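Trainee: Below: one structure in structure tokens.
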């Protein structure tokens, strides 16, 4: 038996195993020592490169982090509403709490001074800056774990290191550094998990899978676009399971089910629990009334300390006297003895009934007694029972002793809507016209009507119109009060009324809303408001422009010194990453077509690497980019940053394919059954190092050239601004004035 043989196969250095692994020779001591020294040298080189890249990353992110000293609610524990999940704000709040910041500053206006307002802004900026700095070593480690040589990993990390947009976005008090950091953590953990596939169900296998699930949950807990990372890993898992299902793998169905259930636990259930945990903490901390109350349902608001609904919300009973306020216009349902004129200005004739109007101020003429409509009332219910969703009632105006009524007579200002009036309470001749049904928003048959916290519609029994008002005022004969009429579209949101108070009662009980009721309400509102962010913005842009860096975003300006912070990527690195992705698609397409003709232009190890990692990074780019085309909300360049880092890794993969001979193969951790495998080693030539050095040198120079826009200092003269206007669409400030010829 001879030692392992090394020869060229398909342009690769291949180490062929001996005929029998069991009878393989023992390497002599000199060979073992030489191999160990070579491995140690490579490890030292790799660790040194990682350390240098990390140091440079922290320098570029923290350089002049105190500038500018001009423009988080958790520290005040007051409830606020945000379209994003709470993790990033909790992290910033934790830093603020550690620094002794009490949350007194509202961050309302760009240009407000941090120093004047005693805000520890450098400490608050340090968290996103630190996470932004860690993107560089994370990218490096992802490439190393994916089996690429040090030079390729250096290129990928270097592209991230010298990107102006990533530096600008991650050194301010913004959320994107957390999002991208956890996204890369997810990729790193999943790659480590996948490398242990030959040691299935081992401790390491479980650890990296659970870590992947935790990182997934953290990514989603920063922004809802973390769903794109979930989808990326989800597709990778589906492909993995599909391969395991292949009968050629030799797995029984019971064994396959173990793989399926393990991944369901680690990559579905674990992320869900992580995501839920941060909302549980969010609700536990934000237990006090704040500026976000009005976004939430009345039932939610009742659980917040100091909220008017928790302080004053009372359950309403029959025979209670209440005031009713219109939600949209904040007027009370009001009546007084004066009557409608016989004839309106347009010639139409009224009923000459008692006026019913909307009045903005508290007044005794706003008092209405709730009486059960006895013909609809269950005889077993007590007369002072709680009023519930679906109950039929009469409303008696206290001061005039009349019942509210609507009928088929046109209202004063809107001929298409019905007039509201009243009739004496002892006159039952038009009883059905005085009956109204109480419909509580999101209510069921057991939902009780409450003051302050229940949104209700009053639907007329006879004509099915809803009690409604609008902001047009009646003439002098109605004291310029607001018109009340019957809206035939009885499902409109503007039909909502609120019982403002029960006259003579003011001791509400304590309220509680289950966690999952709060959770699902907030998820629905986050999605709704996120999709509703359609208001035009001067610096919004469309996804088709992002990869080509057609437009940036102005963050801050200082007119006195011509300083500005303008979110703009490194044009060189952005544009070569687009080209690299086009090359990858072209190479894989050409290989696919060639193989249809039994031509194999790419060796199997290289092709497998392109498919497994190159295609994974390309898929991650596509999934984090393409869905934005389907969104109707306002979009900005910073939405592209997660996809951008994926494109940088694709660029490194293409570089490796073009300038590195072969790949390191295999890279998976060896399993207990040591079957012979072809071994390949990447060969880095001088041209590889030279090309990488040139690319990074150009990237560094372009980064430095645009750095005044990234750091906001120093100021640039108009001619300097003009020289940096590589595209006319970059709307930089302080451009030189153009004079007509």
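Glycine too: its Cβ is placed from the backbone N, Cα and C atoms.
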Trainee: What range among 260-281, 282-303 does TrEMBL describe as transmembrane segment?
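Mentor: Of the candidate stretches, TrEMBL labels 260-281 as transmembrane segment.
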Trainee: Labelled transmembrane segment by TrEMBL, one stretch among 173-194, 305-326. Can you tell me which?
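Mentor: Per TrEMBL, the stretch marked transmembrane segment is 173-194.
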Trainee: TrEMBL tags one of 15-33, 148-166 as transmembrane segment - which one?
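Mentor: In TrEMBL, residues 148-166 carry the label transmembrane segment.
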Trainee: Cβ pairs under 8 Å with the transmembrane segment (610-628): which stretch of 83-101, 173-194, 206-239, 260-281, 572-590 has the most?
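Mentor: Most contacts with the transmembrane segment (610-628): 206-239.
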Trainee: So how many of the residues in the domain 'MIR' (444-502) end up helix, strand or coil by DSSP?
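Mentor: Helix (H, G, I), strand (E, B), coil: 6 helix, 27 strand, 26 coil.
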Trainee: Given the cut-off of 8 Å on Cβ pairs that are 6 or more apart in sequence, determine whether the transmembrane segment (640-661) and the transmembrane segment (148-166) share at least 3 such pairs.
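Mentor: Counting Cβ pairs under 8 Å, at least 3, so yes.
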Trainee: Out of 148-166, 206-239, 682-706, which stretch has the largest tally of CB pairs under 8 angstroms to the transmembrane segment (83-101)?
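Mentor: Ranked by Cβ pairs under 8 Å, first place goes to 206-239.
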Trainee: Looking only at the domain 'MIR' (444-502), report the model's average pLDDT.
Mentor: 94
Trainee: Same chain, outside the transmembrane segment (260-281) by at least 6, Cβ under 8 Å from its Cβ: which residues?
Mentor: 85-87, 90, 201, 206, 209-210, 212-214, 216-218, 220-221, 230, 233-234, 237, 241, 515, 518-519, 522
